[in-house]
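In what follows, a structure is listed as structure tokens, so that the remarks can point back to it.
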Amino acid sequence: MSCIDRMSIMGIRSFDNRSRESIQFFSPLTLIVGQNGSGKTTIIECLKYATTGILPPNTKGGAFIHDPKICGEKEVLAQVKLAFRNTNQVKMICTRSLQLSVKKTTRQQKTLDGQLLILKDNERTTISNRCAELDSQVPLSLGVSKALLDYVIFCHQEESFWPLSEPANLKKRFDEIFESLRYAKALDQIKGLKRDQETQVKVDQATLTHYRSDKERAEKIELRVHESLKRISCIRSKVEELDQEITETARLQDELFKSTEEYEQQMITIRHLESQSDIINTTINDLKSQMTITDESSEDLEKLHSNFAEKVKEEQELYKSLEKKRSDLESLLKSRRELLEKLTGDLGKIQGEIESLEKLKVKKSTMINEIVHRYNINEINEEGIMTEVSKYASLVNKNYEISSGKLKERQVAVRARIEGIKAHEMFLNNRVSEINSSLEKQLTTQKELRSRFEILFPVKLQREDFTKDVEKSDLWIKSLRQEYESKNLLELLDKHQTALSSVENRLDEISEIVDSYHKYSGVRTKLQVFEENKTNKSAILANQLMTLKSSFSEVMSYELKDDDNYNEELDKLVEDVRKKLQEKEEAESSLRSVRERLEIRISLSVQSINDLTENKKIKTKTLKSYSGTFASMISEIKALESEIEENRKTLHSLQFGSTFYEKAIEICVDQHACQLCQRSLDKEEEKLFVEHCHSMIDVIPSKSAEVYSHLETLTKTFKNLSEAKPIFDEIELLDKRLSETKTELSDLQGDLQGLDIRKDEIQSELDTLYLRRANLEKLQLLVKDISNLEEEIRTIDRETEVLRIELPSSIAHHNLDEIYAEREKLLEKRGYLRKQIERTKLEETSFKKKIDDAVLANNEQKLKLTKLNFQVNELEQLEKDINKSSEDCDLQKKKLLEVSSKQGSQAPFLNELESEYEKLEADIQEMAQKSRTEILEANEYLHQLNEWNSELRIDVSTKFKCIKEKKSNIGEEVRIIASKIESTDDNLRKLQERLADLRTRERNASDNLRLRALMRQLEEAVTQKNYLLSQQSHDDRESFRERMQILKSKYGALNAERAGLLGECKQLENSITKDKEELNMEFKDADERFRRQLIKTKTTGKANEDLGKYAKALDVAIMQLHSMKMNEINRIVDELWKQTYCGTDIDTILIRSDSEGKGNRTYNYRVCMVKGDAELDMRGRCSAGQKVLACIIIRLALAECLGVNCGILALDEPTTNLDEENICSLAKNLSRIVEFRRKQANFQLIVITHDEQFIRLVNSDAYCSYYYRVKRDTNQKSMIVKEPL
């Protein structure tokens, strides 16, 4: 059971928006006392708003929130917090927040996000922040409905008389409290659902029969598919066996192909070996003609060759070391020469520095003379002169400090007098500003008063106009009431309700007729389904017949007649196509065999071309250094031979000439005669002859080296060309064989192309036959479908005839469409009448609202008239305030004139003092500038002399001598290095000559080794060729061909048998595909659909029966619950009335609930009072006190009966309009109720009253120790104070 714990209020009504006021609710009784207007009712309003989210009545425009004008703010935030325990005794906190903003002309109230917290196990969990969710969650947590919280538990004082309100409002509130409309709507929905489900059950029965037929047909198709799959499995196993035999046959063919390929390869190898032998023989002959054959063994030649290589390597290493040595010497020579050039430059620089120092001495002497004359110095010593200059600078600085100090003292005194005068002026200015500010405020106030006066000035005229408007409004209200009485809206409403009752009775009769008609709806539904199926299948049959005829004419080029036997005709055509296919497939297999043989020969030719081309590339790479033809190479070899011979002769002649000239000189010196002519020579001729011989001897070595080098080049070229000649022979032979092989390949490719053309023709004919066979097979399947459809139509006709016999003839007399049409018209009429009733009610409500609005507007006008009277009084007061303000302004203006006259009197004296101050400042600046200039000049002289002295201390002559000596040593090193380079060059020339002789001897040994290697290669090639020729004689080439033909025949036969089996398998697969397509398209999930429909039909039938039972039980339960609750409520009301009411005019009161329509589930409510046997409506016949007492008692009874989970009840001013006896009686009854319910843990009675005597009568000190007093503080803010009883 739920209960409330405490609540805090902030910013609601008269409660302050800056602080919270809290109240704790006790069990079983909480008393709240306060004077009228203190804020007691606000507590009930906050409880109702926190639990339901409903604002109190008449709170539009933010009246529920603390007024911003009172607190002087533009925006006020309000908040209500309620702590309570839900039905599970879990503590929860509900927080609701509001905001009221005031703008220039409007107010805006805004509901902010709230919060619903749950506190469990010391953890805080937020359930929701949305206001809409709080409105539903809080009543749910308290265990009562929102209507019960609104109308019973936390009922507002202004709405507390609702039990005696007009019938419509009373019915609405009782229906909300009992939640009767919800149950009535649920019951109507259940019954409507039951009727709909009965119709659905009948349709489901027909659908179930149809699904059963589809299921049986699907099972037949699945059986046929299963048999076809078994046949396909057998065929595939047979095909696998054939595939193994075909693979084995292909393997044997491959082995024979490989044997044939090996034979051809051996022939190619033999031809290649013959060609290679010819090339080697040619090379051997050429090599013998160009070399000297030695008798040494190959091992000796190899050793000699390797020794040559070592010697050459040693000589080359020695040559490289000498070259490196020469390079190092050249680098050293270069660096020494660069250093020599640098030293020469340094000597020039030092010479320049010596000249600069001489000039600097002259400048220094000139400056010293200038200083002596400028400062009148008698010293001759340089140091003494610099000391005198420093003293002069110090003296100038000291004189400046003394003079500037005196001027600054005078300046400070003048400045003090200036500041005093300015302070007095500032005081006067501030005074003027204050008077001006005060004057401006006075003028602003006066302006505002005049503005307000101008605004209120038309009020007098408005008051007269409003008086006339109030009189017109009274007349308008009177006319509206007369018009409302003339329309007779209540009589019109009764008329429409009578017509609506008649229409609903006729609809009930039609529902009974439809129920009786639906007993045989299952048979009619089946007939309708069968007729639709027959129509659909007939249309499909006609379409398929047309498709069959058009397809047959397209395939066979002639039309099929209606009386033809489709199956026999198609079987004949299929057999004819099968025979043609067999013939063409055999021809295609034969062509494929021939083509395979051609491809093998082409492959061998291509391989041979590739080998020859690759061999040619290898040979050509060896000749990449020679770009000429074979003929040009022969002529070039011959030319080289003659040129080599000439160069050898020339070299021999040169070697002989050197000996000859030396012998001639010897003879000339000894015998003084010429060696050739033996003529004697005199001294002059002898001298000339010796010089000539020496010049010839000097020329011969260089000429011999030149001729030797050229001879070496010619010999190397001759050797390269001699080696290339046999390779040219091989390339010519390869070109010839390439040409022959390409010609053969071209012929084979031409034959293959012819075979391909023939094969394409046969393949085209095969494709045509395959397409025709496929079309014929499709036609066979179409004929089969047509037969199935004809059989299905005959079955439907038989089943339809059986159903027509079962259908009774009496059903035909009722036309269901006409009945439904009449029901539709009645439904439209019922809707129209209901709209008319609603429209009449709306019109009545509108008239009443119009009258109420007019009355409200009239009251507002009267209120405005009163406000205008107040404004006229305010206008008179404003006139007085304006006059007083004018007098104040005149007084302030006089004061302003007095102060202004005193301003500016000290201005001339102030100007004189400021001029004097500026003059003193200028004198100080001038003195400082002069002193700084003299000090800077003296310091500059001293600085320049110090710098020049530093430069003159450097010793340059010693450095000059050192560099000159170093330059002489470096020059000597350069000459020594140059002589070493010349010696190294002589050694390099001698070493080159030794290397040339070694290479000539090495080449001859290498040629002998190469000749012996070629001889061995020739012997190996001849041996291998003889072996291959001997092998060829043992092979029988014809046997290869016979065995190949046998294997090809077997391969073709196996493929033909395999193709036949695959064709049959293809036909079966097509048949299975068609059957599966039929299953997927027409019978997809037939079993599942039948099973689901069977389950659905059975379960829907059973569920519909249970739905009827549930509707009947719910109807009875609703009526019993309502009757039981009303009896209990009336019992409690009777008991409380008799115990409370002290008068004798009314024995008791009760609540009557009269049934409104058929079914006793809709009620009209009224409160009656009983006197003896008479029972009268209490509304309009009771006094104000009886009205208050009756409403309290009814609320107590409703809370007792319906608030089982929530024992809370709040009474706001329960003693209103009660006399003293009834107050005492009500207090005693409340005390008795508290005493009886105090054992209930969650019972909480909240009493709010201004009557403290009533509190004592309730016997409050027996149930609680404290009570709460609500009052206003000094700021007129409501506050809650806890006080002891």
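For all residues, glycine too, the Cβ spot is worked out from N, Cα and C.
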Coiled coil per Swiss-Prot - which of 263-291, 698-726, 959-987: 698-726
The annotated coiled coil range in Swiss-Prot, which must be one of 630-668, 1176-1214: 630-668
Candidates Gln115, Gln137, Gln157, Gln189, the one Swiss-Prot lists with Arg13, Asn36, Gly37, Gly39, Lys40, Thr41, Thr42, Ile65, Asp67 as binding ATP: Gln157
Thr42 (ATP binding site) to Gln157 (Mg(2+) binding site) - Cα separation in whole Å: 10
Residue pair Lys40 (ATP binding site), Gln157 (Mg(2+) binding site) - Cα distance, angstrom, rounded: 11
Cβ-based isolation winner (fewest other Cβ atoms within 10 Å) among the binding-site residues Thr42, Gln157: Gln157
Sparsest-packed among the binding-site residues, when each Cβ's other Cβ atoms within 10 Å are tallied, from Arg13, Lys40: Arg13
Between Gly37 (ATP binding site) and Gln157 (Mg(2+) binding site): CA-CA distance (Å): 13
Which same-chain residues, if any, lie at least 6 apart from Thr41 (Mg(2+) binding site) yet have Cβ under 8 Å of it: His156, Gln157, Asp1212, Glu1213, Ile1248
Neighbour count (Cβ, 10 Å) for Gly37 (ATP binding site): 13
Gln157 (Mg(2+) binding site): secondary structure state under DSSP, collapsed to three categories: helix
Assigned element (helix, strand, coil) containing Thr42 (ATP binding site), judged by DSSP: helix
Largest CA-to-CA spread of ATP binders Arg13, Asn36, Gly37, Gly39, Lys40, Thr41, Thr42, Ile65, Asp67, Gln157, angstrom: 22
